[in-house]
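J.: Here you go, one structure.
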Amino acid sequence: MSAANQLAALIANMFATGLLDDQFQQLQMLQDPSAPNFVSEVVTLFCQDGERIIGELAKQLDKPSVDFDRVDAFVHQLKGSSASVGALKVKNTCIQFCELCQQKSKDGCLKTLETVRINFYELRGKFQTMLQLERQVNGFPPNN
Amino acid sequence: MAAAEARGREFPVGMKVLVVDDDPTCLLVLKRMLLDCRYDVTTCPQATRALTMLRENRRGFDVIISDVHMPDMDGFRLLELVGLEMDLPVIMMSADSRTDIVMKGIKHGACDYLIKPVRMEELKNIWQHVVRKKINENKDHEHSGSLDDTDRNRPTNNDNEYASSANDGGDGSWKSQKKKREKEDDETDLENGDPSSTSKKPRVVWSVELHQQFVNAVNHLGIDKAVPKKILELMNVPGLTRENVASHLQKFRLYLKRIAQHHAGIPHPFVAPASSAKVAPLGGLEFQALAASGQIPPQALAALQDELLGRPTSSLALPGRDQSSLRLAAIKGNKPHGEREITFGQPIYKCQNNTYGAFSQSSPAVGGLPSFAAWPNNKLGMTDSPSTLGNVGNSQNSNMLLHELQQQPDTLLSGTLHNIDVKPSGVVMPSQSLNAFPASEGISPNQNPLIIPSQSPSFLASIPPSMKHEPLLGSPSPSTSLLGGLDMVNQASTSQPLISSHGANLPGLKNRSSNAMPSPGISNFQSGNIPYVVNQNAIGVSSRPPGVLKTESTDSLSRSYGYIGGNTSVDSGLLSSQSKNPQYGLLRSQNDVSGSWSPSQDFDSFGNSLGQGHPGSTSSNFQSSTLGKLPDQGRGRNHGFVGKGTCIPSRFAVDEVESPTNNLSHSIGNSGDIVNPDIFGFSGQM
């Protein structure tokens, strides 16, 4: 199967499994000759930033006395960025996370953080594959 | 939408949008979308840097889109500041769709609130907000001042707003927005519009001469009886409308009120303290107006002063004195955002050179002599009646202050008043160099211990030859401290000094970002932060040894901070000169002479607060040095405020008083300047 086909199949699959929503399509539509790498840029940025935020969340929740406001702020940030790229599953988990922050439940937050982490890494894996395939489609050898 | 107008017909194509969001992903997506809408997009990941950019280039943007949750500054805070200082439409944005947060955004004046993910369709429509705001402004402006009662209402209104804001940050915010609007209206009156400009509303430039005529008319009628109509008749200036006068009168009243309050607040030998100790910063408006074009002839000033002096605070026919007290109170402390309340500081003033920030502090002491003269061009925070005291008569204020400090007989004071020259340029100082204040001599009329003429060339240039004493301006050498070693900052805007010296702990002191330091800093301080004193321009710093404030300040700076012996009320308001200066036509010195510092609102309180609340900075430092400290950029710029001549009340405390470049580098983005985000009063708490 050609890289292009693989790419298309991958993306379709991500939509089908609820990893992505139509916001991602909006991003795809925004890509044009004037911004040929837009999608890959956004995706890369999201992957990097998301990881950072999750790290921050873990740190915050690791404290003996958790500052839920800060946790909330980070969660909202993750929510915002995942919403902006169309990362549906991650976004939904963030929404749950927010609820637990409001309740100031450390346990609940920790659990949800785990879920977020899992979902995020799942998505990130697929994004990375996507980026690789895209490079191939564009004539570059696959990255590692 | 200057930019839009310039571009002409194609609007909204090319509309200038500034996007502020700490989330890089969102920033990128939004940028792409906005570009697709054919807007002109600038992105900024840091709110503080964005604020600097805005302050530097007020007209460079048509609309702001800002995230709510940001690490260096609360989005609502940015919203307020932008609204107050620049009056640009701000659209909030967040993944947080909770109703209470959205409500908060609306209350703080957001034009709109978008929930992430933001869709293209929503962005395509944002131009409506720009247009709508313009239309509303025009409408308000046209209606402004149409009736006397409107004017009457305004001060009250404003006061109420201040008060309310003070008491209730959240709810008050919308009022402040309203007030902002009114202010905007007022300002438009004063805005300098080219005679040939095609603006719809002719703007009156309140030049010194014009203002003097105004003051004469008011004096003639008696402040109590001065109604716009009669003033207009007396002035007999062709082309001047009743509305212009009404609006100017309102500002003037605010100014007087403020002065009065200063009197009241300060145990001034000359003035029996009547009202609350807190002095509300005089609306820089008055100052600005006064200083608008430069200097006010001494006689006008004297006359004014006489009038003011002659009346005890209570007697000043200023409406709502209580309100002003309220305001002061509000400003002083409760509001985290100082800017709005402006008690001293009026909203962030952009002072070009806050060099004079130094004097603001003393202003309270001055007993509110309306030193109209003192407004140097800069937009000393006067935009909104910033520490008018500070500005106006810096000389007066300083003199007063000195007097107070030195416990000079009243005569000195009155003597000074008359002699105060209005000096253009933000430096409040009367022509005197700092040296003029030898303690032994008391305060000479033109000496403004507090005010240290910045060396900025512009300032110097503006110093009238009539200055009696050797001009402080430009005297690099540190002036001998007036009060017990207060050094006036000769250099450029000082303001920062207070704060910066401490290693930038002082909130808002950072001058660097000059823009960043809005006078609010002063107000913010109320909450325990650095009091106004901090205001970038370190005005009226207490007698602490100078140089404390600025950590980086150059030698000159450190030396020159003058303090006021005892009270260090820094008027942050004074420092910021710019923020709405343009409207008043304040003299803007090139080098950003810092505009007016709002006289530290509460002179006393600052002094006290200085000692305390400054985050990390020892208030004492402020006091002493700030007075005169003008950030020394060599240009006499007030670091306290914004580098480029925008003085931002020390709230934003730029840490470096002097930046190598004249333009206070608004290195907000690097947040290097911001030592303590809390200074801004933002820390997310409104």
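Placement of Cβ uses the backbone N, Cα and C atoms for every residue, glycine included.
Sharing the features that TrEMBL gives for it:
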COMPBIAS  B:137-154  compositional bias 'Basic and acidic residues'
COMPBIAS  B:571-627  compositional bias 'Polar residues'
DOMAIN    B:16-131  domain 'Response regulatory'
DOMAIN    B:198-257  domain 'HTH myb-type'
MOD_RES   B:ASP67  4-aspartylphosphate
REGION    B:137-202  region 'Disordered'
REGION    B:571-642  region 'Disordered'
J.: Please list the DSSP helix, strand and coil residue counts for the domain 'Response regulatory' (B:16-131).
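T.: Counting residues by DSSP class gives 57 helix, 24 strand, 35 coil.
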J.: Around the residue listed as '4-aspartylphosphate', how many other C-beta atoms are within 10 angstroms of its C-beta?
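T.: For the residue listed as '4-aspartylphosphate', the count of other Cβ atoms within 10 Å is 27.
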J.: Which numbers of helix, strand and coil residues does DSSP report for the domain 'HTH myb-type' (B:198-257)?
T.: 38 helix, 0 strand, 22 coil
J.: Taking only the residues in the domain 'HTH myb-type' (B:198-257), give me the average pLDDT of this model.
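T.: 78, rounded to a whole number.
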